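Copied over from TrEMBL, here are the features:
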{"type": "DOMAIN", "residues": "15-484", "note": "domain 'Major facilitator superfamily (MFS) profile'"}
{"type": "TRANSMEM", "residues": "12-40", "note": "transmembrane segment"}
{"type": "TRANSMEM", "residues": "52-73", "note": "transmembrane segment"}
{"type": "TRANSMEM", "residues": "80-98", "note": "transmembrane segment"}
{"type": "TRANSMEM", "residues": "104-125", "note": "transmembrane segment"}
{"type": "TRANSMEM", "residues": "137-157", "note": "transmembrane segment"}
{"type": "TRANSMEM", "residues": "169-188", "note": "transmembrane segment"}
{"type": "TRANSMEM", "residues": "303-319", "note": "transmembrane segment"}
{"type": "TRANSMEM", "residues": "339-358", "note": "transmembrane segment"}
{"type": "TRANSMEM", "residues": "370-390", "note": "transmembrane segment"}
{"type": "TRANSMEM", "residues": "396-417", "note": "transmembrane segment"}
{"type": "TRANSMEM", "residues": "429-452", "note": "transmembrane segment"}
{"type": "TRANSMEM", "residues": "464-484", "note": "transmembrane segment"}
């Protein structure tokens, strides 16, 4: 199917609206899972580390499965995937209301809901990129705020629903709300040309003629013909053994009566098909080798290697507050009467503000996006170290706002990746980095929970989190320093299609 030029408007704005609400509906509950986390702790009586796996899987499994999600959207289209994923998210939430134990939640909430969110994220981004070209940055920025707004609203909504209907009723209602994803997905009309193009040639016809020009020996042709003849005779023998000899004689007579030109054409087609399969397998193997060679080249870039470590450590240390902050407040014996707003809601709204402001800063030519990203990492580490000293709602709310704002550095992460590896390798590099980001999301909250189970206090856990983020930030800063680049450039050159951060103002 041929696609016309992106209209940068028109129905594309409908796509932006439905993609915004899709991310709002699917990511609202998983991002605000900290409210449910407290209820699951009381309901099942498991340790904090074991219970934290539910929320971490729901947020990390979509990133871990991002290659599979991309293949599904490429194969079936954004609209079918969005509708199917809507059933997954709604079904997973509703099944979670009947969970008899924490292990059931690992599957229903962690894997089913998490995978559905990953598919929906890929579908919304893909369909938006198809409809927008010049305004693509604006469109993607608008739909990305849907998840942050969902975090802000769902944190208060789920808390209110739990008070009115209990945990099971809350999950049923939230799952029913997620069914609106089906309506949003049905509006994701694919961008197709109005006039249907002529039918394309088959895969074999598309292959250049050079793939069919081979100097095969006559022996190879005869082997191919004899294999086909033998297969025909063996099949007849298995079906009717007594007539096997007679059928063999008749078959030889039939083959001998074929016109010489037809037999040559038949032989030629067999040779062409055989060698086409050989060339296809060879090309697939070459693509596989090229992929791994490109991956090795990426990791030869010291800035990319440091960026890979930094994003992994940042998600291990920086993601737990959005899941555990409510329990931190309860552990500090803060009265519910002092709550003016859920701490997770503060993180959500400030994440939206952070995405917008950091994204605007990244567009200024005098701002080095890599150093800006490193600054957010170092400040996040300092804020995590300050959490154990917060003993009131006001101080926890302020730290939640700071952490939420700094978490908005996700909006500049694609800029950093592009500057590091080049636009040609962006897709490959970004996929690798997102996989390890998902790994960090999945491991961070359980590790913090296990440290609490071991020490019976959050101080050590958040010191560990702050150390992880600071370590990643310092490693990335060290790799990006001009003096380091000057030393490494004397011994070896950067891989092609990569950029150096030697001059901060021009990065």
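If you go along the chain as it appears here, the first residue is 1 and each next one adds 1.
The backbone N, Cα and C atoms fix where each Cβ goes, glycine too.
Note: the stretches the transmembrane segment (80-98) and the transmembrane segment (12-40) are in contact (3+ CB pairs below 8 A, sequence gap of 6 or more). Contacts between the transmembrane segment (429-452) and the transmembrane segment (339-358): absent, as fewer than 3 C-beta pairs lie under 8 angstroms at sequence separation of six or more. Sequence-distant contacts of the transmembrane segment (370-390), counting only residues of its own chain at least 6 positions beyond either end whose CB sits under 8 Å from a CB of the stretch, comprise 303, 310, 314, 317-318, 321, 328, 332, 358, 361-362, 396, 399, 402-403, 406-407, 409, 412-413, 416, 419-420, 458-459, 462-463, 465-470, 472-474, 476-477, 480, 501, 504, 507.
Residues of the same chain lying 6 or more positions beyond the ends of the transmembrane segment (52-73) and with a Cβ under 8 Å from any Cβ of it are 30-31, 33-34, 36-37, 40, 81, 102, 105-106, 109-111, 113-115, 117-119, 121-123, 126, 319-320, 323-324, 431, 434-435, 437-446, 448-449. Long-range contacts of the transmembrane segment (137-157) within the same chain: residues 12, 15-16, 19-29, 31-32, 34-35, 124-125, 128-129, 131, 174, 322, 341-342, 344-345, 347-349, 351-352, 355-356, 359, 410-411, each at least 6 residues beyond the stretch ends and with a Cβ under 8 Å from a Cβ of the stretch.
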